[in-house]
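Record features (TrEMBL):
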{"type": "ACT_SITE", "residues": "GLU345", "note": "active site, proton donor"}
{"type": "ACT_SITE", "residues": "HIS376", "note": "active site"}
{"type": "ACT_SITE", "residues": "LYS518", "note": "active site"}
Amino acid sequence: MQAPRCDQTAAWTALTAQFAQSGRRFDLRPAFADDATRAEAFSLSAPEVFADLSKNHWDAETRGLLLALARECQIEQRRDAMLAGEPINHTEGRAVLHTALRAPRGAAPFSDEVHEVLDRLLAYVEQVRDTATSGIRHVVNIGIGGSDLGPQMVVPALDAFAHRGLQLHFVSNVDGHDIVPVLRGLDPRETLVIVASKTFTTQETMANAEVARAWFLAGYGEGGEAAIAKHFAATTTNVAAAAKFGITTTFGFWDWVGGRYSLWSAIGLPIALAIGAENFRALLAGAHAMDCHFAEAPLEANLPIQLGLLDVWYRNFHGYTSRSVAPYHQGLRRLPAYLQQLEMESNGKCVDLDGQPLPFGTSPVVWGEAGTNGQHAYFQMLHQGTDVIPVEFIAVKTPCYDAAGGTGLPDSVRAGLADQHHKLLANCLAQSQALMLGKSTEDAMGETAPTASKSLDALTIARHRTFPGNRPSTTLVLDRLTPAAMGALIALYEHRVFTSGALWRINSFDQWGVELGKALCSQLLPRFATGDTDGLDGSTAALLQRLLG
Ligand code: F6P
């Protein structure tokens, strides 16, 4: 029997009634005051990740109804279908098997192919990382979207585990301002260029790859053509196109790996080069542990599923249109950008699996910045703005600046750094507290505000210093940002996106929405040579003339 869409279930009807009756007025403050066990009751542990879900707008009844909703939408059967390799990406007729990329040998579909490439890739990685022999000191990854964002996010996150003699660079944009400053400082003889593209046809990546090749040949001098074999590698499903480009060192993957789910495949080559084979395997193992949790934990204890349910609750009942991600770890500064593709490319859809228009909202806008930096930019709006935006905090208990346990700096700086870490964590907790507690006008009246204008009356000032509070947040806690923890964290997000997508009954694994712009770009490009504006709308014609004028 076909799984129903979330809004066609009895649980949805019950949630609608519950929201109207009490859910919309839910207040975190009395909820905590009335229940000493709330923090514990709404916390979950998954591999490498502890989650405090208690500062969210739900109670036991809401959670029970959301779990019933998941069951009615057959979330377990749909999850199992994905894990078994059924072609759930039905508009492209493809399986969705990024989980197979991190499964132990023999444990998932396509295991032989996956482990053959992984073994070969990691052997290559160790050769390149032997920098005294390879002579490679810089790696330039050229790719965009899923062929860029995962590695670009993970490499700084795992800086503590990185090879100190190998510098990683990422070029994605077709704008020459991206590649020029990267190549300017590099010596081709010390550089490995990776051309990362699932399709090996993406305009931006192909254009940058051509520039990199021209730069390489110009700088290398005699023997440059032959040296491409050593200094260029490709990671792609289109090995033939890579060969045509002249790249002979190629690591393949498969059409059942979606671009935004591909960092576990050969696309992870820059990560493996940075952190080494053993750590890359640990990253995969961490993700696999989260896969097992997703596959086996009952819904009542299943973290990715409960996060997905909260997403549906907020988007479709509370009407919140965005979610802010605040990782309190500078290494995770690119996580919001990575999640933008993961969530918004996956679930930014307006029709269901049958092509029927959806009568409710789907992907929220996902955005954010590393804490504490975000506090000094947009947190004002989170605290006192007119929109309620659920915030997701990520805290890491123990810092590791260097895998060996040191900092790489003189010992005398250690004490100061320990203090800094406590400052970081205190800020993280203070923000979720402030969002929840708020401050009444009455309390603000009782305080002195030394910087407030003396020309305004006390009540007006107090109103400006009032915080509505009751703003929801989730806090994820990791012990250390190790490769295994990183793997688990990313897999957690992948499965959460699957969950909301499954409830909405959309195809989370295609991305037709990026095609129209690509097609129009190909039609416009020749006009930049000719200046021809015939048949264009007035605005586009005028802009083209202005840009060419
Ligand atoms: O933006 C669309 C998209 O197809 C993404 O899904 C993908 O990650 C990106 O382009 C890059 O594609 P490719 O890896 O084929 O170059």
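Cβ from N, Cα, C; glycine included.
Automatic, uncurated: that is what TrEMBL annotation is.
Annotated features taken from TrEMBL, shown on the structure.
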residue: GLU345; record: active site, proton donor; Cβ contacts under 8 Å, 6 or more apart: GLY145, ARG260, GLN511, GLY513, VAL514
residue: HIS376; record: active site; Cβ contacts under 8 Å, 6 or more apart: none
residue: LYS518; record: active site; Cβ contacts under 8 Å, 6 or more apart: GLN203
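When secondary structure is read from DSSP and collapsed to three states, HIS376 (active site) falls in the helix class.
When secondary structure is read from DSSP and collapsed to three states, LYS518 (active site) falls in the helix class.
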